[in-house]
Amino acid sequence: MDKKKLIEELVEELNKYAYEYYVLGNSSVTDKDYDKKYYELVDLEKETGYKLPYSPTQRVGDVILPEFKKYTHKARLWSLDKAQTLEEIREWHNRNVKFLEEYNRTSDEELPPLKYILTKKFDGLTINLSYDENGVLVTGATRGTGAIGEDVTAQVKTIKSIPLKIDCHDFLEIHGEAIMTTEAFEKYNSEADTPLKNLRNGAAGALRNLNVAETAKRNLSAFFYDVGYKEGAPFKTYMEMLNFIKTKGFPMDDYIRECTTLDEIQKEIDYIRDIRFDLNYDIDGLVIAIDDIRTRELLGYTVKFPKWAIAYKFEAQEATTKLLDVEWNVGRSGRVSPTAILEPVELAGVTVKRATLNNMDDIARKGVRLGAEVFVRRSNDVIPEIMGVVPESLEGTKEIEEPKVCPACGAHLVHEGVHIYCENTLGCKPQMVKTIVHFAGREAMNIAGFSEKTAEQLFEKLDIRDISDLYKLEYEKLLDLDKFGPKKAQNLLDAIEKSKDCTLEAFLYSLGIPNVGVKTAKDLVKRFESLENLEKATFEELVSVQDVGDIVARSIIEFFKEERTLKVINELLSLGVNPHYEKKEVLESPFMGKTVVVTGTLENYSRTSIKEKLESLGAKVSGSVSKKTDFVIAGEAAGSKYDKAKSLGVTILSEEEFENMI
């Protein structure tokens, strides 16, 4: 075969594979086969000097550009007017209704009833791609002023989900948002000398980096949502436009909703607000746009905004505030960790006063100092984290000092990797109290009525220094505790006695092995079936267990090497604790060996009971949807997991369909 022809075929084939992998999330070729064809193409291009502009080899280069050139957009990239309340959306909607009624009353050709299309408002950097009459990507540009942007074509080509060639013979400009996913952000920060402050800065900084190789390291993604300019037949509706974007192979978010009433819009706002922190990327609101293009054209624009669309903005999930102090706290493992004390700031609808700082390495890497203005980010409803400092605020600030002794008990501290630990395991109150509380917890020994307040009193007044001491408690001594009468004392003793008969997985979890949670404990018990077998397990045997990696395996081995650990376990057993394992008979079913995700509310099952049912059928129950997911069981109010399953082509079952299958 002619070598040029072979190059053209390889380019077409590799671009098809890239679309399947990066846009559809479902590759039809192995990484090994892809790499083989890719390097075959590299060699052929080198040999012949023949390179197509849309070849995948043209995505990343070592070029460092001298400057950014200007690019004049064919069609303006408008900003959107913003609303933060439903009342503001109502006012906008009423203006649209009034316009429609007046127009239809005076015009021979009526406009259709109002229909709105809702899409997510991505928090990244707006980009405009232009494709020539051959469908080849010729320019990628930033929004800039809306009329003129910066040419970032080389940077845009590093985004692997962006097609370098499309099946379209009209000159085209398409608008989208370059974003950085949480996964890409965390991976980059784990390896970077200077960590990124947030996802948006990560995307914007990458596209505006003259060193294209640096842009590529950030592994950006993109979503497209608008055709700004197109020669040829115009679109009649926004939905028609979105369908065009999808059929041309551009990556799109799968959340697109049609609404005709304010109640429907409110419902969608509430839904997206609920799931926004579960997403793998940042959004800061919803875009609400009129579907009919002719209605849009007649409504027109203000000086700044189109009248036919509005952005509903959520509360900020990132803010700047002042770092007042750093508090050092001791965890169950003895790790001493810093917590930032902040000047109160409103963030994502709550007042934030504290934030995570992780460790001294994290503090140094981010350049955090007392008295500085810091960037604070809140996501997934967890304690906010400090992402970095405002450089201009560093004058007059103080260095954060690492503690020399334990802040709780005054004992000597030791370094292990990037963390510091208090070695006073038995005498350090926070360690012991948290250890006892963990041991007594519902997922562990399930000692009913046990609280942190009780644990504190047992430590302070009854000299409890080990979990085995719980089984030596005496009725008379419990009566000396605050708010402990005869009934409460007896109830606690009864609950402790009852806890002796426990499952092996609960007992294993109760021991507090570092990095071993409830699920891992269950997986370990399934594999080894007894405490004795687990204690003797080799590294190779441990990592063969599903989801047990090197770190977890080493944690388990080190835990059972400790003389004190074995002493505590033996004492618990001698005091009558009886961890038992009953091998469950796994029924033959279509779910045998399959990965299943459950989302939404089921009528006949709680989360625990559906999990137990699936496991009895031989399924692995996962908390997140991926290409490896086999089934998603969707109940009422199914959320983002349902949407992701749909986009990946994962089989979705209703509760009724699930029950019919079993």
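For all residues, glycine too, the Cβ spot is worked out from N, Cα and C.
Per Swiss-Prot, the feature NAD(+) binding site maps to Asp31, Lys32, Asp33, Tyr34, Asp35, Ser79, Leu80, Arg143, Glu177, Lys313. Residues or ranges marked as active site, N6-AMP-lysine intermediate in Swiss-Prot (evidence: sequence analysis): Lys121. The Zn(2+) binding site annotation in Swiss-Prot covers Cys406, Cys409, Cys422, Cys428, and the record cites sequence analysis as its basis. The domain 'BRCT' annotation in Swiss-Prot covers 586-662.
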Leu80, Cys406, Cys422, Cys428 as binding-site residues, winner by CB count within 10 A: Cys422
Candidate with the highest Cβ count within 10 Å, taken from the binding-site residues Asp33, Glu177: Glu177
The one of Asp35, Cys409 whose CB sees the fewest other CB atoms within 10 Å, among these binding-site residues: Asp35
Whole-number mean of pLDDT values that fall within the domain 'BRCT' (586-662): 85
Distance from Cys406 (Zn(2+) binding site) back to Asp35 (NAD(+) binding site), taken between C-alpha atoms, in Å: 53
Inter-residue Cα distance where the pair is the residue listed as 'active site, N6-AMP-lysine intermediate' and Cys422 (Zn(2+) binding site), in Å: 46
Binding-site residues near Lys121 (active site, N6-AMP-lysine intermediate) (Cα-Cα within 10 Å), from Asp33, Glu177, Cys406, Cys409, Cys428: Glu177
DSSP three-state assignment (helix, strand or coil) for Asp35 (NAD(+) binding site): helix
Residue among binding-site residues Asp33, Leu80, Glu177 with Cα closest to the Cα of Cys428 (Zn(2+) binding site): Glu177
Distance from Cys406 (Zn(2+) binding site) back to Glu177 (NAD(+) binding site), taken between C-alpha atoms, in Å: 48
Between Cys409 (Zn(2+) binding site) and Leu80 (NAD(+) binding site): CA-CA distance (Å): 56
Mapped DSSP class for Leu80 (NAD(+) binding site), helix or strand or coil: coil
Number of other Cβ atoms within 10 Å of the Cβ of the residue listed as 'active site, N6-AMP-lysine intermediate' across all protein chains: 21
Cys406, Cys409, Cys422, Cys428 excluded, remaining Cβ within 8 Å of their centroid (Zn(2+)): Val330, Gly334, Val336, Val405, Pro407, Ala408, Gly410, Ala411, Glu423, Asn424, Gly427, Lys429, Pro430, Gln431
Distance [Cα-Cα, Å, rounded] between Asp33 (NAD(+) binding site) and Cys406 (Zn(2+) binding site): 55
